[in-house]
Amino acid sequence: MSKTAASALLTSDNTTVSASVAAALDIEGNNPVNLVQVEALVVMKIIKHSREASPEVATGQLLGLDVETTLEITNCYPVPSGGSEDSTQYQMDMMQCLREVNTDNNAVGWYQSVHFNTVLDHSILEMQYNYQKNLKKSVLLAYDLSRSTRGNVALRAFRLAPAFMDIYKKGEFTAQNFSVAGLSHSNILEEIPLVIHNSSLLNVLMYELDEQNAPVTSLEEATATPSPLASALDLCLDPCLEKNIEVLLDSLDRFNSTRQQYQHWQRSMTREQQKIQQYQQRRRLENAARTASGQEPLPEESEAQVAAMFPLPKEPSRLNHLVATGKVENYCKQLNQFSGPTFAKLFAVRELQN
C-alpha cells in the first residue's frame, strides 16, 4: 500500500472515529434527554444536604456527562445560599478544585429540595430556564423531603418543555400564547425517567454483606422493634396532613387572587372596547351628517391612533395563575393520599366506641 493510500485511509478512519465520538457525546446538544442516570453517591449527597439544610431549601450543582440520549450524573456539590457574588465565586473555586483532582467538572444541571412535591414554582422555573438557555441538556433533580420520610427516595428529574422555553424567552405569558402552544400547568415541566446506578464492585459488596448476615436469635426477636403494621394503631394525626392543609389554603388564596385579577382585566378590557365602538359610531354619524350637508367628512383615524386615544389595559401574566392552579391540584392529590389512613383510623375508633 502506498503512503498516499495509507494516509487517506488513516484520515478516513480518524474522521469516522471523530464523527462517532461527537455523535455519542452530543457536543452540540441535538439529541433529546430520554434517561437520567444518577450515581448512588450523588443521591446520598443530595439526601444528606437536604436533611441538614431543612427547613431551608438546599440547592447544588450537578456534574456529569451526556452520552447520546442518556444524561449521566456522576458528582455534585452544594451551593451556599448567600448572595449571588459569593455563590458565583464559590462555584468558580469549586470547578477549579475539581479540575485539579481530575474529576468530572461538566455542569449538567442542578438539584433542589422541595416539600410536598412542589416543583412548579416561579423561582424553580426561572432557574431552570437560565440553565437550559445556557446548557441545552441540563436537568433539575427535585428531592422531596416530606415524601421521603415515608421510606421512599422521592427523587425526580425535570426539564422545561420546549414550547414553554419559547414563551419564557419572549416574556409574553398571555392566555392566547399558552393556548396556541398547548401548555397547561401539567405539561410546563416534563419529567424524565430516572435510574440510580451502582458500580459492579458495590453490587458485589452488598450481595456479600447480605449473604454474611447471621441468623436472628430468639433474644433479638424478643427485643426487635415492632412491626410497621403496629403504626396503624397510632391515632395521632399525621403531621404531613396538617401541614398539607395549611399550604393548600395558602395556594387557594393565591389562586383566587389571580382569578380575580384576570376577571378585573376582562371587565376593564370590555369597557375600553365599548368606548372605542361608541367613539367610532359617533364619528360615522358625524361624517354622515357632514356629507348630507355638503361638507367634507372628517378623516378616519388609524388603529394606532385609536389605540393611543383609548389605551387598552395590559393582560396580567397567566403564568401566575398556572402556577397557582398546579399547586392546588398537587396539594389536593397529596391530601387525598395522606387522608386515607387517617380517615380509616377515625372510622375504626368510632365503631369501637359504639
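Cβ atoms here come from the backbone N, Cα and C positions, even for glycine.
From the options 264-283, 284-303, the stretch TrEMBL describes as region 'Disordered' is 284-303.
Nonlocal intrachain contacts for the region 'Disordered' (284-303), taken as residues 6+ away from its ends with a CB within less than 8 angstroms of a stretch CB, comprise 309. Taking H, G and I as helix, E and B as strand and the rest as coil, DSSP gives the domain 'MPN' (36-164) the counts 51 helix, 42 strand, 36 coil.
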